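Participant: Take a look at this one; I'll ask things after.
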């Protein structure tokens, strides 16, 4: 990020993500995977609110919410990095989450981390693809 002078980091999840689906399997099934993969899936699983997700009965809505939850968690992890936050606070970097709906081509941006008062790339409250 420093070397390339990156201005925007986009953490993008996508519709039908196999990793997110696999992370929702039971722990015993996940532990049968190769160790490095199991560790990654268990890390994702720990950030998902399975009780809340199980209340979403529409498969597409469930899928989307699980992916969005993971993206949100990853954005929060990046926002804990002091070096990245120095760049954010100096208005040199913006971090934003996104969901790519493969079937329509729509990208929904949300959870922007940027210096207060800077223009927003995204705002999930509006529910639109580009924020409102």
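Here, residue 1 is simply the first one shown, and the rest follow in order.
Using the three backbone atoms N, Cα and C, a Cβ is placed for every residue, glycine included.
Feature list, courtesy of TrEMBL:
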BINDING   14, 17  Zn(2+) binding site
Participant: Sort out the sequence-distant neighbours of residue 17 (Zn(2+) binding site) for me: same chain, 6+ apart, CB within less than 8 Å of its CB, listed by position.
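Facilitator: Correct list: 63, 67, 70.
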Participant: Specify the secondary structure state of residue 14 (Zn(2+) binding site) as given by DSSP, simplified to three classes.
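Facilitator: In the DSSP reduction, residue 14 (Zn(2+) binding site) maps to strand.
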Participant: How many neighbouring Cβ atoms, not counting its own, are there within 10 Å of the Cβ of residue 14 (Zn(2+) binding site)?
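Facilitator: The Cβ of residue 14 (Zn(2+) binding site) has 17 Cβ neighbours within 10 Å.
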